[in-house]
């Protein structure tokens with residue numbers, strides 16, 4: 001990174017990033033809560049959505065921690081501490097990107113492999129898929145700890161420094177580029193396969209038509225959500241190439257903002273979650289109104305009551 005950052009700019013940018021991160025955490029927890037509370041959403045697809053929400057929450061927490069160190073714990077000037085913060089930062093980024101790769105692989109399992117191997121669509125298989133993702137998340141950023149590419153610079157976040165070109169290239173390839181290419185390639189293949197199947201089949205059953213419609217809708221939703229993340233990280237990627245400080249500050253805001261926007265978009269584009277939110281909203285608007293007793297009808301009712309007096313002996 002460039003060592004001529006202006007600390008004053010951090011004070012203007014970081015509050016926006018922290019607010020966006022907190023909104024993202026709240027929405028991610030809301031999505032996880034809705035899925036956990038709705039039995040029909042206990043499926044492999046929504047398990048992966050929860051995994052992405054967990055990854056996003058992890059990213060937001062790490063970023064907030066970095067901002068706290070940058071603004072308040074200024075006495076910590078240790079290079080080792082800086083390396084560990086960079087490790088967790090890259091770890092959180094890898095977690096988010098690779099969680100979308102796992103969703104793409106899951107779609108490949110459902111559309112292609114499930115024809116011959118039904119077990120690939122089971123919850124157990126997807127739990128193994130998620131476990132594999134987190135193993136990758138732990139080990140891929142380890143060069144950050146065991147190299148000298150990250151060291152403390154006052155008033156800067158802990159990243160791989162731009163002068164270490166080989167490590168920057170590794171970061172770009174394995175944290176962003178390769179998983180993104182994998183995601184796009186899988187979805188292009190699945191989309192072309194679905195389109196070819198539609199064109200080559202003249203007599204399709206209604207159930208097959210509905211299944212293809214659901215698959216296409218799911219492909220579209222995932223690509224929309226992933227595109228939001230790509231857009232959020234675009235200023236940071238440009239900064240890695242151009243080294244412009246304005247792009248650096250834009251990246252601080254855009255990535256955290258993208259998390260919040262992506263979580264809000266998840267609640268909108270996912271039909272099941274959207275219907276649950278509508279149901280909750282209608283329930284909250286429904287109020288129990290107190291029953292008012294009409295005084296006139298009450299008096300009439302009282303007149304109709306026959307008073308029974310005790311007989312005198």
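Every residue, even glycine, has its Cβ placed from backbone N, Cα and C.
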Quick one: sort out which of 246-269, 270-293 is the transmembrane segment according to TrEMBL.
246-269
What mean pLDDT does the predicted model reach across the domain 'G-protein coupled receptors family 1 profile' (27-242)?
86
Residues of the same chain, at least six outside the transmembrane segment (246-269), with any C-beta under 8 angstroms of its C-beta?
1-2, 5, 9, 13-14, 16-18, 20-21, 23-24, 27-28, 30-31, 49, 53, 56, 59-60, 63, 96, 157, 220-221, 224-225, 228-229, 231-236, 238-239, 277
Is it true that the transmembrane segment (44-68) and the transmembrane segment (127-153) have 3 or more Cβ pairs under 8 Å, skipping pairs fewer than 6 apart in sequence?
yes
